[in-house]
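Next up is a structure, given as structure tokens.
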Amino acid sequence: MGKVSDPSAGDAVQAGAKAAPEGSQQVAEGESAEGYHRGLGARQIQMMAIGGTIGTGLFLGAGTAISQAGPSLILWYAVAGAVLFVVMRALGELLVYRPVSGSFAEYAREFLGPFWGYATAWTYWIMWVTTGMAEITAAGQYVHYWAPGFAQWKTALISLLVLFALNLISVKVFGELEFWFALIKIVAIVGMILVGVGVLTIGFSAAGDTASVTHLWADGGIAPHGVWDSTMTLQIVLFAYLGVELVGVTAGESKDPEKNIPRAIKSLPWRFGIFYLGALVVILSVVSWQEFQPGVSPFVAAFSKIGIPAAAGIVNFVVLTSALSSCNAGGLYATARMLRTAGRNGHGPKVLGRLTSRNIPAVALSVSAVTMAIGVGINAVDPEHAFVYITSVSTGGAILVWSVILVTHLRYRRAVSAGRVAASGYRMPGAPYTNYLALAFFAFVTVLIASSADSRVALYVIAGWLVLLGLGYGLLKRQARARRAAGAHGSR
């Protein structure tokens, strides 16, 4: 039977970094204050920093975005990358101030109040659970490339069960699995870029259309369908970056977080530049944007056009590992940690706070896996429409979580100025103005989502979700008051 964390443990850390030295004396070597084993090394966190973001959004979603925005999509990826770097710098400052697993919810609770800690934990959980549903369903579709007759739901279920079992073993196994998943994606993208650069250098294309950087502006302009249609792709672009904040979830289980986390965050600009901007520049130069179609991987399409027969199979394998990686890191690992945080802080059933003898939040992990399994059945019934709706909801949830991180950081800075908490050793430049600019960007994207009938449903779902959270929080408070009243009555 696993040990149970004290649900009031979240209150004990309110004192912030100043209380850390005392608490650290009571923590076993190699473990965090929350009972997790610090089993994630620098190389694993570095890989997760970029590997957690590269997924279906880039490998498949970019096809739809390119057909709508043309070469201007590169600009939107650059803008979104800059905004997400601001979010990560804000999170990095908080993480160095007090490294905890489930950090978003913990910091929101400390600086915004109990409700926002509760809402952030549950929103991040549902965001990644729904994304995990989409990823394992996509895995079933990818396997059809090699085994067309194999039932999609079987692949999805097998993928979920294998990843669930591996996550139950230890955080080190999870870290190694995610390291290799991320490495496959990174090596594949670098290989694609190098081949593309080679094709551009010799000006060759088997399709009869000479590969050239002039494709970036010569085929109808940079934004061939107009600025508005181009701007509308920002939702897809943000979905491709979903997962960048996973570094924050690993804080409680990382070795030397004060050193490794800033290092991982500092590396994000060049990683975004290579794996997102570099890849898009190359494929849009090798092949005209007019050759890409919605729902088809632009990477597969580009390499098919330049006459590399094995490209489709290679890229399909990469896309499959990408989907499994996203499900592994976000759908299972992150959701389990957030769910356990909710249980420890009294924002969910206490049983969610349990750890196994291996320091794994098995109950929380099981709840996430079972919920995702329900999604397998739903997606099997109507995979086409379900995927669109699920990704829209995921993006809406991500915008909410990222915004909470920025606002929490603003409140943290106020607390530092007032002398209530210790200053972090990793400060975000340009605050608070960079926070305001990033929040304005997210507000703009929310307006874009609301203006499209296809994506507007996501806002309805998010609004309904917040109402549900409010009702649940009210119920929890009433139960807490009843317990206190009963305790006071019993002590008389």
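Glycine too: its Cβ is placed from the backbone N, Cα and C atoms.
Just so it is clear, the model here is predicted, and its values are computed rather than measured.
The region 'Disordered' annotation in TrEMBL covers 1-31. The annotation compositional bias 'Low complexity' is assigned in TrEMBL to 9-20. Per TrEMBL, domain 'Amino acid permease/ SLC12A' is recorded for 45-482. Under the heading transmembrane segment, TrEMBL lists 47-67, 73-91, 111-130, 150-169, 181-207, 232-251, 272-290, 310-334, 360-381, 387-412, 433-451, 457-476.
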Could you tell me the mean pLDDT over the domain 'Amino acid permease/ SLC12A' (45-482), as a whole number?
85
Of the listed stretches 150-169, 272-290, 387-412, which one has the most C-beta pairs under 8 A with the transmembrane segment (73-91)?
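Out of the listed stretches, 272-290 contacts the transmembrane segment (73-91) most.
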What residues elsewhere in the chain lie close to the transmembrane segment (387-412), defined as a C-beta under 8 angstroms and at least 6 residues from its ends?
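The answer is 57, 61, 84, 86-87, 90-91, 93-94, 97, 104, 107-108, 111-112, 116, 119-120, 123-124, 126-128, 130-131, 133-134, 137-138, 235, 238-239, 242, 245, 248, 375, 379, 421, 428, 431-432, 435, 438-439, 442, 445-446, 449, 454-455, 457-459, 461-462, 465.
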Can you tell me which of 150-169, 272-290, 310-334, 433-451 gets the most C-beta pairs within less than 8 Å of the transmembrane segment (111-130)?
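Result: 310-334.
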